[in-house]
Amino acid sequence: MATTGTQRVMVAVRVRPMLKEGSTLQCQEKFELQGVHRTSDTDLKVELTRPGEPAKSSMFTFDYIFDQESTQLEVYEDAVVDMVDAALVGVSATMLAYGQTGSGKTFTMLGDVKPNPLENDLLTNHSGMFLRVLSDLIEYRQRRAQKGWHVVVGLSCVEIYNDKIRDLFGGHPDSPPPSLNAKMIGDDVLLPGLLVKEMTTIQDVFNEIQLAIARRSTRYTESNATSSRSHCLFLIDILQQAATAPAPSLNLLDLTRTAGEDESKQAKRSAATPTSRKPRAGKGGAEEETARPAVDLPAYMMPFQGNMFNLPGQKEPVYASKIILADLAGSERIAKTGVTGEGLKEAAGINSSLTALGNVVHSLHEGSFVSYRISALTRMLKPTFSQPESRVLLLAQCSPTQMSYEETISTLYFANKVKAMRVVTATGAEAEKMQFDYVETERLYDSICSDLHIFQAEMGARPTVIHRRLLAHQGCYYDAAATTPQGCAKITMRDRRAALEAMGAIAAAQRERAEIVAQQDAEKAEEAHRRAQAIAEERDRLVREHWIDIDETKAAVRAEVRQYRHVVAQRLIAESSAVANVLVAEEAAEVGAA
């Protein structure tokens, strides 16, 4: 479902520059040919040329293409700033950085700051999307304060490590981040216990995020010297309210995060009841905050597409919206990264969660039933895809050389599916499945009621009559002429099946079952292949270590033997010298006596 007047899903591709330093594998780029070329503002060409092999070439079209010369500011102004503007009028905005390990995702999202910055003067040409988004929100907060509005910006940060959600702001800085249990309620995902901090200056943002990034899981691999081993999500909550009321508190967010059941929701929302608002005219935001809506509103209200809270004793509503920036861990191949042990387990978790995300995108692309519960990453991103007032920007990161051709093609195919996916809610595939289940349940209910009615009417029938009727109607006690208590003709199984086939429900169910079985078989085969590959790599590693130990032992034994021989030879020389000295002394004594 697409929002009116805007495009729900946008895809941008960014090709990072050549690396001058880094891991051993990255340093090999300077000897490789460039394999990714921007042919226009929206077109990209990927090619592979190898001596003695036919050349490979593919063309892709996306909403935005950024090459090696594109700056962070260009990426932000072209692709991201509209998302921020939309979030300020209630749209739930999500930005996903996706790509292979070492393709520049973390740089695009975080970038860097000035080495010795002044107060609130942190941005450089290389600052990433995160700091630029927060900088604009802080500036928007100051402008709105001058116009009589409270704007509260809350920041939280979580990582998904080995399919566990952890709060990077929670707990002691020197201890591992505490785990969180995500609860899915409708189209929302709640994180009870998540620590949200209010941001008032860009310096506050920098101080807090430095602590969070320091706690994020990273590891050295052959593909990336500082490879992220977890998905990192920056959650930005925005509360707005007219200044004629007291400034809203971030504690309002706890009213929804701690809700789990209908009764607890009612009890906890007795102090603040959220109500939904239909979208009003205009996109609005930081650039259009003074635009006149289609209908005149009181001074304490604003055009808004998202949720708003009505507090007791206050006529001024609190408007709530959210921005999510996700720095996804890079997909990687074990043979290239060379990880073992705990790193191998991390890589398996990363690839598994990215596969789950790909399955969700594939289901949305095909319009089939979507299962978000298969991984923590898809559970966290469910509102991104399911809420009708949400917008998604995928930042697909690519390496520039032909050395990463296969990974680049895989990333761009994923981006292509995201671009073409059909974001559906209860009016799409889920509704079709629910309708099919309802028809099946109704058929079963009617069949049972009919059997009971006929059985009650003909209880006096002899067993031979019952047996004869069963034979006459192919195992059914009643035929199509049987009627309901209201006198209506019964619908046979054939009629119901024909109706379902006309609706396309049976074919859809069969396709869905076939896709699920094929997906499960593929996952099992992939898991078996990964397990066999991991076992083989571990076996080879143990064999190599064993031979190394044997060689070291042999060398040590040879050294000890040489040392022992040297000591024995020295001892024999010393003993021979002593005997010779004694003989010389005896001869000298005999000569003196003579």
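Positions of Cβ are set from backbone N, Cα and C atoms, glycine also.
Automatic prediction, not curation, is the source of TrEMBL annotations.
Checking TrEMBL for coiled coil across the ranges 106-145, 146-185, 226-265, 506-545 points to 506-545. Around S103 (ATP binding site), a 10 Å sphere centred on its CB holds 27 further CB atoms from the protein chains shown. Neighbour counts of Cβ atoms within 10 Å were compared across the binding-site residues G99, G102, G104; the minimum falls on G104. Mapped onto three states, the DSSP output places G102 (ATP binding site) in coil.
Within its own chain, K105 (ATP binding site) has A97, Y98, G99, S228, D327, L328, G330, L395, Q397 as residues 6 or more apart in sequence whose C-beta sits under 8 angstroms from its own.
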